Amino acid sequence: MQNQSRRVAIIGGQRIPFVRSFREYSRTTNQEMLIATLRGLVKKCNLEGRMLGDVSLGAVMTSSIEWNLAREVVQGSGLDAHTPAFNVQRACGTSLETVNLIALKIAVGQIDSGIAGGSDTNSDLPIMVQRALAWKLIDINNAKSFGERLSKILRIRPSDLKPAYPGIVEPRTGLSMGQHTERMVKEWKISRQEQDQLAYESHVKAARAYQEGFYNDLVTPFKNATRDTIVRGDTTLEKLAKLKPVFDKSEAGTMTAGNSTAFTDGASAVLLGSEEFARQNNLPVQAYFKDAEAAAVDYVQGAGLLMAPTIAVARMLRRHNLTLQDFDFYEIHEAFAGQVLSTLKAWESAEYCRKVLGLEKALGAIDRSKMNVKGGSLALGHPFGATGARTVATLAKLLHQKGSGRGLISICTGGGMGVVAILER
Ligand SMILES: CC(=O)SCCNC(=O)CCNC(=O)[C@H](O)C(C)(C)COP(=O)(O)OP(=O)(O)OC[C@H]1O[C@@H](n2cnc3c(N)ncnc32)[C@H](O)[C@@H]1OP(=O)(O)O
């Protein structure tokens, strides 16, 4: 951030276990998951009854019934009820954007402290009625007589009763995120083996992180969910190789349930503050928020749907005069193994960097041993609105453990956007 008046401290994160959809949290709402998460964070940081400057939360698949989600969550969180809150939605970049907004408010001195976070549940989708039925119901309600009402009721057709709910499909192309990514992996010539290898490594790293105790600090208020359930310590490349392609079912298809994220339910949040706030409250600073950037691609005209982080990262590096190699950690959201690999290949391509990013040469390769070192979304799961805060919390913890350094976060989103950020210590 340029002209930043003060540094923004990341004090710590909290999340509930991320679980496969339609299982442990199948009767749990976004609001309940977020309340549980914030309660955990509030307790961990001794903030019970305290008023914070602001709270920003969001979910992608949220119901209009939860129109004031963030404020409702704050009221159930144990914070002072005078703490304000607001909702944000930027698809899978939602909670990285909430972190950005809270950080900006702290940086310019509007607030001293705040919580950012998000959640999502595919088990509790906002199921609505078809528009046609909604309009007929309004007409019935406005009918002036019993006869008129009856005639309007009789206009309801069985097809009107089909439920309507959001899907993982881009409305402007009619293709799912997976189908779009199949196009990207074909364009970038990413093999099935490369994708399975990346997925395998994500599970191995996450399982190792569990053994090391890195994820021992999850808050587990729901008795039936005590740990992340998607990570598989027993995955092998042979098992992954046997899975059938799901988005392009022909022989050319390379994307499977093993190298794509599973539908996931979960929530996460991060506490941010000025250095003064951290000091006054005896809260150790894990890392500092340096900057964030968002970009978008015109996927309707043929750009790769999930390639926008390549643009956002290039802009942010230029602003700070950094190279892609100037990082100790890379937290790259693994929506699909093929999308991560397409992004890495694009940064390595002189032609792409010249034509799309306007650079003289390629950004180059990253040291893959520094990428998603505690596992990524393929192994940990991807509750859309929660992934950003999970990556911020993970990276802040890694920088804290290391004692110094810099980390890059890169998240691709539906609608062809990318949200990225730099943390440092
Ligand atoms: C910006 C963004 O983030 S975009 C991303 C947004 N998210 C998405 O688009 C979600 C993408 N994911 C999906 O659509 C679905 O999860 C799918 C289609 C990939 C898979 O769905 P399902 O077939 O229901 O997956 P399911 O979990 O049942 O797995 C299928 C099989 O693969 C197996 N499998 C999955 N992962 C692994 C693994 N790592 N190792 C071994 N086996 C595995 C399962 O055990 C299961 O086997 P079984 O049928 O013998 O029980």
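Backbone N, Cα and C atoms are what each Cβ position is placed from, and that goes for glycine too.
Lifted from TrEMBL, the feature list:
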ACT_SITE  Cys92  active site, acyl-thioester intermediate
ACT_SITE  His382  active site, proton acceptor
ACT_SITE  Cys412  active site, proton acceptor
DOMAIN    8-276  domain 'Thiolase N-terminal'
DOMAIN    286-425  domain 'Thiolase C-terminal'
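Residues belonging to the domain 'Thiolase C-terminal' (286-425) score a mean pLDDT of 98 in the model. In the three-state DSSP classification, His382 (active site, proton acceptor) falls within a strand. The two recorded residues, His382 (active site, proton acceptor) and Cys412 (active site, proton acceptor), have Cα atoms 12 Å apart. Rounded to a whole number, the C-alpha distance linking Cys412 (active site, proton acceptor) with Cys92 (active site, acyl-thioester intermediate) is 7 angstrom.
Helix, strand and coil counts under DSSP for the domain 'Thiolase C-terminal' (286-425) come to 60 helix, 33 strand, 47 coil.
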